[in-house]
Structures are given as structure tokens and as C-alpha cells.
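According to TrEMBL, the protein carries these features:
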TRANSMEM  12-32  transmembrane segment
TRANSMEM  39-61  transmembrane segment
TRANSMEM  73-96  transmembrane segment
TRANSMEM  108-128  transmembrane segment
TRANSMEM  148-168  transmembrane segment
TRANSMEM  197-215  transmembrane segment
Amino acid sequence: MSEDPVFFELSWSILSMIGAGNVFFGILVVSVTNLSPVAAVPVVTSAACAVANGLCFYAYYLPTVPVTNRAVAAGFADILWLIQEAGISLYSYVILSRILRDRQWHVFTGLFWTTMVAIVAVRINIAITRVRFIVGGDMALQSTVNYLHMAYFPLLALLECISAFYLLKTFAQAKMSSVRRASKTGLFQYLMRSTEVRLALLAVVGIMRAVTYSFQVKAQMATNLASQVDRFCYTMECLFPIVI
């Protein structure tokens, strides 16, 4: 019988350590400033990243572990990936909750939470399908997981596009609204550029992962070029909290 692989010999350990490192740096930032919802978002999503990738290794790379344990780990990993990938959009949500008012706020929250509910529903289906795959070993379920991801990643990109639209619109209006605010053009220019970068990165990653994940052959294993590109895109997601 072959031995189980060592965690730190696989890419999941690197992805997990990226998340743990982001948590450490986030705590350092909070320690010299103050804890706020905006500061908490990258810390929480990075913590979810660190734990999820460790659970992924446990669920998919340790065949000697009891099936029940692996199935539970896979289910929790998917929930934590949901927190990591969808939770990052709460950064924009927190900012907009302080600056949008009345009709704009109601329209935005309606669009935001409708999309978020759709994302959660798809991810829960992915988690259930993966648990069934581990328990039953039906390889056909991998195709179902692939199709679900083709809906999941574009929804993530759409969620970021909704937030970015309102952020850019608000920053542009604030920049041009008065002479007093115009004196802070540098700040608004920075906020607009950072939002544009965030939008571009998440939108591109979302579309790329929707395409590359459709070619996934084995569960959570990079066995071909497309799955390796997908792993690269996910690595960019793990590094994303540094951007914000």
C-alpha cells in the first residue's frame, strides 16, 4: 500500500499558508489601526482560505482516512471556499452601506443579495455533489460539479461588477461634486483605480475559472493544462486580500 502524501509537498499547503500569512498581516494592520468591518473582511476570508485548503488535502489526498471523515471535510471545505470567494465582495458592500442612500441603496442591496443567494445555492449544490462523490465514488458526479462551477464563477464576477458599478459611480460623483471635495482628488483617484483593479481581476478570474474548471477530470487535482491554469487563477484569488 502506498503511503499518504505529505501536506507540505503539495500546492494545497502553499495556498493554505498564503491564507494564513494574509491573516497574520491583517491582524498586524488591525493592531496599529482599529478593528472595523472593512478590516475584518480580508482577515475572515483569508482564514477561510487557509482552513479550506487544508481540509481539501485531508478530503481528497488521504485515501486511508475513513470515508465519513473525508466527506465531512469536503463539505466544510466547500462552505469555507464560499466564505472566501463570495465574502470578499462584502468589502465593497460595507463601504457602500456608508455612502448610498434611499433608492440607490435599496436597488443595490436587492441586486447584491439576490446574486449572493444564487451563489450560496450553487455552492451548496457543489458541496452536496462532492460529498456524494466521496461516499459513492460515482465518477459521473465530477461532470455535475464542473457544470455547477460554470454557473458559480460567473455569478461571483457579476457580484463584483454590481458593487464596482456603484463604487465607481459614487466616487466619480464625489470627485466632481464640489471644490472642497475636489481638493481630495488624489484620494478619490486612488479609490477609483483600486476599484477598477479589483473589478478587472475578479471578473477575469471568474470567467477564466468558469472555462478552465469545465475541463476538470479528477476531483481537486491538476491533471491537465486547463486544471493547472485553474489552480493558477485560484492562487490569484488567495492573494487578492493583499490588493484590498
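Placed from the backbone N, Cα and C atoms, the Cβ positions cover glycine too.
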Close approaches to the transmembrane segment (39-61) from elsewhere in its chain (Cβ under 8 angstroms; 6 or more beyond its ends): 4-5, 7, 10, 12-13, 15-20, 22-23, 26-27, 29-30, 33, 69-71, 73-74, 76-78, 80-81, 83-84, 87-88, 90-91, 94, 134, 219-221, 238, 241, 244
Candidates 12-32, 73-96, 108-128; stretch with most C-beta pairs under 8 Å toward the transmembrane segment (148-168): 108-128
